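Among the features that Swiss-Prot reports, domain 'RCK C-terminal 1' is placed at 179-262. Residues or ranges marked as domain 'RCK C-terminal 2' by Swiss-Prot on the basis of sequence analysis: 263-346. As annotated by Swiss-Prot, transmembrane segment applies to 7-26, 30-52, 59-77, 87-109, 116-134, 139-161, 356-378, 388-410, 446-468, 509-531, with the evidence given as sequence analysis.
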Amino acid sequence: MFTDLLHSSYFSLFLIVALGFMLGRIKIKGLSLDVSAVIFIALLFGHFGVIIPKELGNFGLVLFIFTIGIQAGPGFFDSFRSKGKTLIIITMLIISSACLTAVGLKYAFGIDTPSVVGLVAGALTSTPGLAVAIDSTNSPLASIAYGIAYPFGVIGVILFVKLLPKIMRIDLDKEARRLEIERRGQFPELGTCIYRITNPSVFGRSLMQINARAMTGAVISRLKHQEEISIPTAHTVLHEGDYIQAVGSEEALTQLAVLVGEREEGELPLENTQEIESLLLTKKDMINKQLGDLNLMKNFGCTVTRVRRSGIDLSPSPDLALKFGDKLMVVGEKEGIKGVARLLGNNAKKLSDTDFFPIAMGIVLGVLFGKLNISFPGGLSFSPGLTGGVLMVALLLSAIGKTGPILWSMSGPANQLLRQLGLLLFLAEVGTSAGKNLVATFQESGLLLFGVGAAITLVPMLIAAFVGRLVFKISLLDLLGTITGGMTSTPGLAAADSMVDSNIPSVAYATVYPIAMVFLILFIQVIATVVY
């Protein structure tokens, strides 16, 4: 009966997942495989003839890659602008060193060209690369070599990613916190203080005339004139001895003191009719609108003192484009705040709701984009493939945020659930598929091709780790994402993801993966047509 159950793909799938999680929780000297253990169990099951259908693996792959792209999209373009050049150089180093290693070992051991390009595709776990290798050589040797190199291409990257922090003696959680502090440095922490108006140059002038926000970056949220506290408008006039309360970075608050007068600590209390509330932006119509376009002071008599996004406080400048899930700190009369709440949506339930239409539509667009075939001079051609197409489309849609009524975003819990589900399906299928021929390919082709494939996997990662840390001095989290992206290794990214609560590896992976995929295909075509 148990044998019959093993031939049932759904039973085998969940058994592999359960055993994988059990194995993944075992720690040896602080090192564990986590979710990556699923692929090791799958390899064992595959060796004994258990197969998970390819369609389930592809389904899991598109879910995993799509959710990676949706999460990484907003940070992808920022990362590309700020450190993209460095990550791309490391990626090119990975691809070129893999190909040079392959060509060097080809001549050293007399390996035929079809086997070499198959080894490169397998060592870097690139299915599009295999397709190009077979097409370019018209030889079955490419697929045999791919099958030999592929298992270590998967396992080797996982183990390298797991061991690298231990070898470098770097605590990934501390590294993530350090990078978070650096990231916050780009968005200085906002503070609040009050000022006594003592500068004669602003006596009798309105806030519009002194242009405090443009000159300093601080937001004036309250005014005390004589004994009355109010929310100032652009036309509010300042008088000697008035008090104002402002919100901004330390630099902005210091500059405001130079402009208006003496700085004091504390806050001005709100009147009984006034409130300060944190409101969520959940209404689709408001997404991508600039804060200044809402005219909250004119329409509701309210002021936004800060905007919180992804754990960071942003200064509420008029040109700030609002995003779904932004939390706006609003000060005003009770009725005015109610009006702002209606305008923004302020519906916490919508943050956890999951609309499957954008997910399905995004994946459809990604699959279609992956089918495109782009031709280059000299007879070279490139197709993004399933993984590349879905990732590129997800990155673009996530950065756009909204198209008409369609919201291209996903709540954190929903993203995490779909990502984990997709990953487990993918790892189970890939493992059983690689495991079924593992022993046979060793017996048929010996250890030489396996050793060459292992070298093609390891050498680029060692070079990338050395250059990334010692030459470019990038963070280990960025390096892990770049290595897994440069090696086009989705299981490797999963291993990095499971080690730290940070999306930095995912962003780096998404930054370099499309580039790695394109250049790997081009390099394989060059080797297949030029190297003899």
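Note that Cβ sites are derived from N, Cα and C of the backbone, with glycine treated the same way.
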**Report entry** Cβ contacts under 8 Å made by the transmembrane segment (388-410) with residues that lie 6+ beyond its boundaries
**Finding:** 62, 65-74, 76-77, 128, 284, 287-288, 323-325, 354-355, 357-359, 361-363, 365-372, 418, 510, 513-514, 517-518
Requested in this report: Quickly jot the same-chain residues contacting the transmembrane segment (356-378) by Cβ under 8 Å, restricted to those at least six beyond its ends, or write none.
Outcome: 62-63, 65-66, 70, 384-394, 397, 406-410, 418, 522
Report task. Kindly report the helix/strand/coil residue split of the domain 'RCK C-terminal 2' (263-346) according to DSSP, in that order. Result -> 23 helix, 30 strand, 31 coil
Report summary line: Across the domain 'RCK C-terminal 1' (179-262), DSSP labelling yields 31 helix, 27 strand, 26 coil
Query raised in the report: Mean pLDDT, the domain 'RCK C-terminal 1' (179-262)?
Result: 82
Report summary line: For the transmembrane segment (139-161), out of 87-109, 446-468, 509-531, most C-beta pairs under 8 A are with 446-468
Report summary line: Long-range Cβ contacts under 8 Å made by the transmembrane segment (509-531), restricted to residues 6 or more beyond its ends, are 68-69, 72-73, 76, 79-80, 84, 87-88, 90-92, 94-96, 98-99, 102-103, 106, 113-114, 116-117, 120-121, 124, 126, 128-129, 132-133, 136-137, 376, 380, 382, 384-385, 387-388, 391-392, 395, 481-482, 484-488, 493, 496
